[in-house]
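**Q** Sharing a structure below in structure tokens format, with a few things to ask.
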Amino acid sequence: MVNQSSPMGFLLLGFSEHPALERTLFVVVFTSYLLTLVGNTLIILLSVLYPRLHSPMYFFLSDLSFLDLCFTTSCVPQMLVNLWGPKKTISFLGCSVQLFIFLSLGTTECILLTVMAFDRYVAVCQPLHYATIIHPRLCWQLASVAWVMSLVQSIVQTPSTLHLPFCPHQQIDDFLCEVPSLIRLSCGDTSYNEIQLAVSSVIFVVVPLSLILASYGATAQAVLRINSATAWRKAFGTCSSHLTVVTLFYSSVIAVYLQPKNPYAQGRGKFFGLFYAVGTPSLNPLVYTLRNKEIKRALRRLLGKERDSRESWRAA
């Protein structure tokens, strides 16, 4: 069946019934996007320039920052255009590209956050063997697996979603082209797509989240066996930032991809979708830097607020 909507594209409704809210959201989204660009670029730059950040933890953090930059850039420019003006259309090709990239990068983040939880588990529970277990080659392998698996997932799910028989009104009740909103737009049988969405949600959302919780459960047990307040504070400082990011990201993803079928849940899902597409990438740099002394020190050096010689910089 030929997709009748492909010549004209789609109409992204967003919150078009509330023009005043759209103006406010434009300012919020634009500000968040700027914070995302500046914050994540700084983390990548510091991870490259500062030798003490040449470790697995910051390798994965810089990978997450690069991912967040791509993640937001794939959808925010189109979102800003739709929020600012009366034109809220997106071409079929544009929707296809956005869906493919957004789905791939979102899946990558789910897997990468799991890898980072494993890294923190080894750092806390196996500190003496950390360098042996989490070596540079393994870091590259784990990061590559995350990107390749997400690419395969997007290659499988994107075509089947775009080949649905869409309703003639072509109105997507969302800010961007996502699998759940496109399934709701279909006027045909969506049983296969709903099963596919459920299976992929279990594999790439439920399973990674379960592994993250299991790793932190094991980490908590190991920390409780240590009768040292200093060790507790160090373990908390090591894991709290990542656990905060996991909570923000996964709570939003679950609200979008595992929501019940009712109008209230779908309306609420738009807010959560907006948050995990725009909010979490802008908050991630803040969360990771607020309690991280190494990144703070590197940032002060980059800004010239610490007058260290070139030799002390290299020695660090």
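Placement of Cβ uses the backbone N, Cα and C atoms for every residue, glycine included.
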**Q** Quick test of your reading of the annotation: per Swiss-Prot, do Phe10 and Thr219 share a side of the membrane?
**A** no
**Q** Taking the transmembrane segment (235-257) as the reference, which of 24-47, 56-77, 194-217, 271-290 gives the largest number of Cβ pairs under 8 angstroms?
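**A** Counting Cβ pairs under 8 Å, the winner is 271-290.
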**Q** Using DSSP with the three-state reduction, classify Cys187 (disulfide bond) as helix, strand or coil.
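**A** In the DSSP reduction, Cys187 (disulfide bond) maps to coil.
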**Q** As a quick check of your reading of DSSP, tell me how many residues in the topological domain 'Extracellular' (78-98) are helical, how many are strand and how many are coil.
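**A** For that range the per-state counts are 14 helix, 2 strand, 5 coil.
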**Q** What same-chain residues lie close to the transmembrane segment (271-290): Cβ under 8 Å, and 6 or more beyond its ends?
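**A** Distant contacts of the transmembrane segment (271-290): 25, 28-29, 32-33, 35-36, 39-40, 42-43, 61, 64-65, 68-69, 71-72, 75-76, 79, 102, 174-176, 178, 241-242, 244-245, 248-249, 251-253, 255-256, 296, 299.
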**Q** Looking only at Cys95, Cys187, which of these disulfide-bonded residues has the biggest number of Cβ atoms within 10 Å around its Cβ?
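**A** That would be Cys95, with the most Cβ atoms nearby.
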**Q** How many helix, strand and coil residues does the topological domain 'Cytoplasmic' (48-55) contain under DSSP?
**A** 5 helix, 0 strand, 3 coil
